[in-house]
Amino acid sequence: MSDPDRARVLAAAGVSRETAERLDLYVAQLRRWQPIKNLVGPATLTEVWSRHIDDALQLLDLAPEARTWLDLGSGAGIPGLILAIAGRERGVRVDLVESNARKCAFLTETARLTEAPARVRNARIEAVIGEYGGTDVVCARALAPMTQLLAWTEPLLKTGTTGLFPKGRDVQAELTQAGAQWRVVNDLVPSRTDSEARIVRVTALAAPSHR
């Protein structure tokens, strides 16, 4: 992505110079580790600021009062590590759960270098989700269909945690499928990075209808 586009993303987010420098460091780390760990689609590295950074930053605007975040299947730290970097000055803390040990190595090293308030957990989601009660927001990007996301996050969504799940053009079909099993209170927020994408914001979840 060109420098003017980088500047546009940073200006729109309204981040400080120090935060911009930390995001630059994250991008440098992503490019350095990509050939070894295959963290993101190779073609997206040329659009890293719009495809990844801005896509993550928009979640902060949807929960401006949230301080504790849980990112599931963190992978390359999108959105979780980016949220930690950008939210650092407002007191945000993010837990990153990732089952791939190699990706956890990237997350741990990059969190250290950027001084991001993030804790990396090398574990399977279903094994640890119960430990994160009271979290303000749980999020996951490009991880699983809505039915599976709701199954994993049920203990949190039923007790006041908000869910933010970026989705693509098939979001309505995913919600229809999930609706056969769950009573979900949600709204769809248009993505500012993709006209066909939506962010599913879940504010309440009831038990599956067959229980």
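Any Cβ shown, glycine's included, is placed from N, Cα and C.
Residues or ranges marked as S-adenosyl-L-methionine binding site in Swiss-Prot (evidence: sequence analysis): GLY73, ILE125, GLU126, ARG141. Cβ neighbour count for GLY73 (S-adenosyl-L-methionine binding site) (all protein chains, 10 Å cutoff from its Cβ): 21.
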Max Cα-Cα distance in Å among GLY73, ILE125, GLU126, ARG141, the residues listed as binding S-adenosyl-L-methionine?
17
Taking the Cβ of ARG141 (S-adenosyl-L-methionine binding site) as the reference point, list residues of the same chain whose Cβ is under 8 angstroms away and which are at least six residues distant in sequence.
ASP55, ALA56, GLY73, ILE78, PRO79, PHE165, PRO166
Which one of these binding-site residues has the most other Cβ atoms within 10 Å of its own Cβ: ILE125, GLU126?
ILE125
Should GLU126 (S-adenosyl-L-methionine binding site) be counted as helix, strand, or coil on the basis of DSSP?
helix
